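*Asks:* Quick one: the structure is below, questions incoming.
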Amino acid sequence: MPVLVCFSKRSLLVDEAGLALLTPFREGVPGTGLMYLLTTLCHLHCWTFLLRVCVMEPQNMTPKSGVKRSLGVKGWVPGQKGAWGIALLPLLLGCWLAGWHPLFALLIPAWLSAFAFFQVFEKWMKAPVSRRSSLQPAFITWTGLTALLGIPLLIVAPRLLAWAPFFAPLVVVTLWEVSRGHDRAIATRFSSVLASTLMTPVATSLSLDVYPTNTELGFAWVSFGVLSAYFIACVPYVRSLIRGRKNPRPWIIAGGLLHLLALVGVCFAVWTNLLGWSSIVVWVALLARSLIVPLWQARRAKPIPVTVLGRSEIAWSLLVIASLTIPLV
């Protein structure tokens with residue numbers, strides 16, 4: 001029989017085995033967690049729109065495709081499709097798990113600014129000296145926003161500095177690969193993914209005001225593992241469909257093996273009551289997708305449009321998150 005337990009400012013329905021059902025109850029009002037999540041998304045959309053209109057060059061606001069290309073070339077937005085989703089979804093999941101905290105108003109834009117800064121810094125490192133001037137406006141803007149938002153956040157929440165040892169190796173690996181001209185290497189992609197998925201326990205720890213090793217972050221770390229497995233397994237899967245589609249076989253094998261390993265890990269987590277059965281259902285579907293879609297594309301006359309792949313990955317990402325927040329027991 002489920003019992004109601006307290007999780008900081010948020011309550012969760014937990015069964016006798018300790019499995020969190022994550023039903024959104026906060027201050028006695030069901031559904032407030034979902035309302036908070038939707039409100040956050042609206043705020044982020046408005047913040048991004050204002051930045052594009054007020055900061056970026058007006059003459060670049062021409063046809064849509066030209067705008068996106070220009071913004072990517074000049075460092076205003078990441079060049080990789082889906083980068084914002086990888087940066088944002090783990091963070092929002094961490095905010096959801098612990099419930100609203102006023103410092104999230106600083107954490108969310110600070111992290112997005114830092115993510116954008118790191119992306120433009122990578123471009124700046126590999127760009128020839130003659131091209132660096134075109135990256136300078138974006139570089140200065142994202143650096144300033146990161147400092148403007150990040151420094152006050154660290155002053156009022158110094159415990160966030162305890163996460164530095166987790167991020168430092170990932171930053172070193174990424175910068176090393178970029179300095180060698182391997183900005184699209186697998187190690188670079190994996191490091192970026194892990195840095196983003198770490199934001200799930202980071203956000204939860206900020207709300208609970210605890211250190212990374214605190215036991216209250218147990219489910220946040222489980223969520224980190226699941227999201228990391230999903231996004232990492234997506235790297236060879238997407239390669240098999242886009243950059244590696246002319247020779248997809250090694251990428252299909254790599255993607256299938258990573259999805260299979262993740263499924264084994266999820267089954268163990270379900271067996272130990274860390275996850276619900278919905279996670280197994282989702283990961284079986286993900287494993288099938290990692291094999292069927294690339295093989296189907298290989299038989300097509302034309303490759304699957306990138307926009308279709310992107311939208312489908314958004315749906316799969318939301319399914320993975322749903323399996324964490326609304327498990328079937």
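Heads up, the Cβ atoms here are built off N, Cα and C, so glycines get one too.
Note that this is a predicted model, so its numbers are computed, not measured.
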*Asks:* Looking at 23-41, 42-60, 137-155, 308-326, which stretch does TrEMBL describe as transmembrane segment?
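*Replies:* From TrEMBL, the annotated transmembrane segment range turns out to be 137-155.
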*Asks:* Given the ranges 66-85, 106-125, which one is assigned the annotation transmembrane segment in TrEMBL?
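*Replies:* Checking TrEMBL against the ranges 66-85, 106-125, the transmembrane segment one is 106-125.
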*Asks:* So which of 106-125, 161-178, 277-296 has the most C-beta pairs under 8 Å when paired with the transmembrane segment (217-238)?
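*Replies:* Checked against 106-125, 161-178, 277-296; highest Cβ contact count belongs to 277-296.
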*Asks:* Using a Cβ-Cβ cut-off of under 8 Å, list the residues of the same chain that are 6+ residues beyond the ends of the transmembrane segment (277-296) and lie near it.
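*Replies:* The answer is 226, 230, 233, 237, 240-241, 245, 248, 251-252, 255-256, 259-260, 262-263, 266-267, 269-270, 304, 316, 319-320, 322-324, 326-329.
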*Asks:* So what's near the transmembrane segment (161-178) in sequence-distant terms, Cβ-Cβ under 8 Å and 6+ beyond its ends?
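*Replies:* Same-chain residues near the transmembrane segment (161-178) but 6 or more away: 118, 122, 125-126, 154, 185, 187-188, 191-192, 194-195, 198, 202, 205, 211-212.
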